[in-house]
């Protein structure tokens with residue numbers, strides 16, 4: 001049951017992301033990406049991380065993608081000219097990456113003997129927040145300070161005319 | 001967190017609070033006051049770090065004041081304080097106003113100070129990215145020049161890709177070891193290849209940060225576009241931080257055999273292409289960018305040996321390179337008027353019309369070339385010594401040959417400074433803050449070159465426990 005669900009969701013994620021990067025219009029790409037985020041959230045849920053699933057939907061699909069949509073609508077660049085389809089040369093980096101990925105998967109598949117993971121029960125919100133704010137509290141502080149300075153920098157650079 | 005923990009993390013607290021203080025005081029104080037607050041906080045944190053004795057126990061989860069931190073934090077603090085002093089006059093001339101600049105520099109220093117204190121991979125990665133993040137803003141700070149914005153965008157795009165690759169590598173290492181704690185990074189049997197793959201990605205990401213060939217293409221454009229004091233800070237602290245990042249990870253059971261070849265190739269290509277491309281540059285900042293690619297190649301050569309000698313050569317060379325490049329970029333920024341003085345021909349005769357700054361630039365060039373009484377010679381000597389001791393004789397010989405070639409383009413600048421008639425554009429007089437910073441950095445170059453023992457002892461103690 002779970003395995004079937006996982007493969008369906010994985011397929012949706014992959015296809016959604018694939019369409020997102022090939023879509024010619026930004027709005028369509030965003031909708032495809034939101035789609036794949038939803039599928040990804042369900043995969044996290046299947047893995048026993050309901051909190052991460054909720055964050056995925058709330059933060060990525062909800063906040064960030066909506067922000068992207070707003071920016072695209074506010075800028076209203078009209079109809080950007082259609083991109084030319086990539087030349088043969090432009091495919092080389094992608095092909096190299098595909099080869100590297102395929103080779104790494106092959107190496108891993110040959111060496112690794114699949115071991116079933118130990119029984120894993122979901123993590124409660126309490127456990128998650130305890131780990132986040134004690135063991136990784138420094139990281140949270142660092143990120144919050146970084147966001148503050150990102151904001152300051154964005155406001156400063158926004159003055160450019 | 002006890003009292004003694006707070007004392008041991010005092011440098012971090014000082015710079016962290018100072019960055020916020022500068023931001024808050026900005027609207028009420030003159031930018032000069034704010035800059036002085038920032039520089040004073042940086043120096044205070046540096047002294048504090050040098051005075052506190054290191055502890056290996058974690059003060060906070062994820063942070064500990066290690067011996068390595070005790071060595072690196074003062075270096076970063078001095079670099080940040082000097083570049084704040086150097087950039088004040090430059091910013092006035094270029095109309096970079098407001099407290100955002102000093103606040104971002106101090107935040108960058110905060111992230112730099114967190115980096116060597118990190119005891120888990122998450123904190124380590126976040127600190128490295130926070131450094132890069134503040135540089136994305138700093139590089140684009142000059143609103144009056146279009147190149148500055150262009151450089152900021154280029155650095156942002158490349159840096160984002162590098163961050164993604166590094167994060168993916170760290171995730172794979174986590175998958176292989178099952179822990180984020182740096183001290184426990186040993187892979188259980190059967191997970192070797194996933195760990196090696198993770199290391200591969202980390203090396204690619206750090207190659208971008210250190211601008212090793214073939215991940216170097218952003219460097220000349222970013223150095224040329226960035227304001228000169230920012231380029232100085234970027235070329236020194238962020239590179240040294242990247243090297244320290246790799247050093248801290250390498251201390252814990254890396255797949256040594258698999259890592260050798262990629263590091264070897266990166267080092268060879270960087271030394272070769274960096275030095276050869278620098279020969280053909282007519283723009284001083286681009287020339288220094290290619291020279292920094294070559295210098296990072298030397299650093300990788302020392303890292304590649306995997307011996308204690310090699311690691312201490314990395315720490316020594318990082319500190320020396322910081323001083324040399326700060327002096328060079330400091331002289332450039334002080335000599336620039338409203339525009340950037342960057343074409344090498346524009347420096348003709350400045351050794352006579354601006355004796356202090358011309359002299360500092362000449363000392364920096366001689367040191368970068370590795371001429372004996374300067375610090376650059378000591379750094380190069382220990383890098384090649386450790387490489388030969390570590391068995392990398394072929395690469396060390398190639399490196400020495402390229403270092404000899406590099407003398408040509410460094411000395412060309414000195415020739416321009418002292419053997420050409422004075423050009424038309426005379427620089428404005430040097431402010432007191434600038435002369436102080438320039439004198440400090442050039443004194444450091446000469447003193448380390450003549451009397452390196454104290455620095456060597458510090459490097460030894462930095463590696464004593466880790």
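Keep in mind that glycine also has a Cβ here, set from the backbone N, Cα and C atoms.
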Given ranges B:155-176, B:287-308, the stretch to which TrEMBL attaches the annotation transmembrane segment: B:155-176
Per Cβ pairs under 8 Å, the stretch of B:196-218, B:259-279, B:314-337, B:358-387 packing most closely against the transmembrane segment (B:68-89): B:314-337
Same-chain residue ranges lying at least 6 outside the transmembrane segment (B:33-56) that approach it to Cβ under 8 Å: 4, 7-8, 10-12, 14-15, 17-18, 21-22, 25-26, 64-67, 69-70, 73-74, 76-78, 80-81, 84-85, 88, 99, 102-103, 105-106, 109, 113, 465
Criterion met for the transmembrane segment (B:314-337) and the transmembrane segment (B:259-279) (at least three Cβ pairs under 8 Å): no
